[in-house]
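**Student:** Got a structure here, written out as structure tokens. Questions coming.
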Amino acid sequence: MANFPFKLSFPSFLSPSRSQSKPSHHNPAPYSLLPKMQAQEIQLQPSQVQTAPQNDQKEPINQPTPSSLMDTSNLLPPSRQTCTVPKPISTTKSSSNKLKLIPLIFLIYFEVAGGPYGAEESIQAVGPLYAIIGFFIFPFLWGVPESLVTAELATALPGNGGFVVWADRAFGPFFGSLMGTWKYLSCVINIGAYPPMCADYISRAYPPAAAGPGRSVAISITVVLLCLLNYTGLSVVGWGAVVLAVVTLTPFFLITILAIRRIQPKRWLVQVETKDWRLFINTLFWNLNYWDSASTMAGEVEQPEKIFPKGLAIAVVICSVSYFLPLMACTGAIGSPPEAWVNGYFADVAEMVGGDWLKYWIQAGAVLSSIGLYEAQLSSGAFQLLGMADLGLLPSFFAVRAPKFDTPWVGILSSCIITLTISFLPFEDIVATANILYSLGMLLEFATFLWLRVKYSDLMRPYRVPMGIPGLIVMCLFPSVFLGYVIAVAHPRVFALSAVLTAAGITVHYLMRYCRSSGLLKFTDGGRVDQHQQLEQKSIIPGHEEEINGVV
């Protein structure tokens, strides 16, 4: 299964933007993409720069001219005058640490799915037929729109921080910080569920790990070991994801092959007495979200303008196939009633169709899948904090990298401490709260995508979704309605917890503003241009373009 997706062609999804009609004369700065009207850069020489003359005949420098950057004077907030990626505080020193296509594909895969583990409850909720249809259609109705948004914005603004950079450039630092709060907390809350899952499997071989101090020790050791693995570098994590994907998907491929000859289509039509649509929707959402998480590591990807669209397209196909085929084969081959399909039931099905060896492989694969999910999402959260430091939303020390491995060790350590705390909370509250915060962040992300397309229509987009504004609104409509439903059906306790976490995030934002203004902590300017500072900047002699914020 891991071989055939790479031969597929996605002509509309992977087509380059028409805005690349003018090639640059030299390699542009790696963390800045320019509007179409400035596709040809110039090298500034001292002789080309002169102080703006002080006579009334000249226009003020902050007034748009044909040779200046596109007019953004009416874009709120007024301090945002550019739509570029902020200059990074630190960068990867070795190209060997850059992500290539194949590791990126499987990092995205583990950000989103990690295999059909946990999909069993969808059968219990609505029966086999609806579960099969749901896992076949949902990756395209939900995953494709989110992937298209990610492909366009991650290639237009390919810096670390991803969706935080997009919201910051669209609506300002407050909404950038709010996006960071929602997405980061949903990430660390989500991965907080995986160490307990590993502890559950450890307890089968070592019963004291099932409860009490033994369980606490098992969870703590799991978190520490996984964090140390993440510290060794993004490239190691990426290629590790490839290995884990092969090991965890192979038993499901074998189950599918062994079960096909036993399929009886009438078994797909078995109904449940009362359909639990709420559980069904939550199961789909839990298994197939976080398509945009890899965007926070865009600055670590080799040639993101080419690799990101391909990686997302292939990951969508792999995720859909990895759920649809095993569900279809197993429910058609086994005459078990829907209520028997609890979490972990795939292992029982493996024993029925293949024997004990396949059952044990599935059980081991569940642990390895949890490790892959944890590692991929931990990397995403750590690089998000690094990107927020590049933006000036967090102190600069969050961008400090490990000397040998180039990993953002402060972000990794912070995420692990939060994860370890969350791992001891009830599992149901963990999942529900992560879903609410993620839904709020995605609604803001869709709004950001549409706003940037309207206000920065000339921004160079190496990949551009081939639709106009009406088509994009329709594309974002179904996911937005679905997100609204996820929020609406949440338990009041989950609402209250989400509100408290949101308020805490807003408090941190204003606390960071105070620390910046008082000089208590060191921050960057995040690539922002203040209007008063622009009046003092220098202009280029006639015939050349202005330099704003170091970006031509």
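Positions of Cβ are set from backbone N, Cα and C atoms, glycine also.
Fair warning: this is a prediction, and the values are worked out from it, not measured in the lab.
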**Student:** Which stretch does TrEMBL mark as transmembrane segment, out of 212-231, 352-371, 372-391?
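**Tutor:** It is 212-231 that TrEMBL describes as transmembrane segment.
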**Student:** For the transmembrane segment (125-144), name the stretch out of 237-260, 431-452, 464-488 with the most CB-CB pairs under 8 Å.
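**Tutor:** Out of the listed stretches, 464-488 contacts the transmembrane segment (125-144) most.
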**Student:** Do at least three CB pairs under 8 A connect the transmembrane segment (212-231) and the transmembrane segment (312-334), leaving out pairs fewer than 6 apart in sequence?
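**Tutor:** As far as Cβ distances go (cut-off 8 Å, pairs 6 or more apart), the transmembrane segment (312-334) and the transmembrane segment (212-231) do not touch.
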**Student:** State the residues, same chain only, that lie 6 or more residues beyond the ends of the transmembrane segment (237-260) and have a CB under 8 A from a CB inside it; answer 'none' if no residue qualifies.
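**Tutor:** For the transmembrane segment (237-260), the list is 1-2, 99-100, 102-104, 106-107, 109-110, 114-116, 229-230, 322, 325-326, 329-330, 332-334, 346, 349-350, 353-354, 358, 361-362, 365-366, 368-369, 371-372, 375-376, 379.
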**Student:** Can you find at least 3 Cβ pairs under 8 Å between the transmembrane segment (212-231) and the transmembrane segment (407-425), where each pair is 6 or more residues apart in sequence?
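**Tutor:** Yes; at least 3 Cβ pairs under 8 Å.
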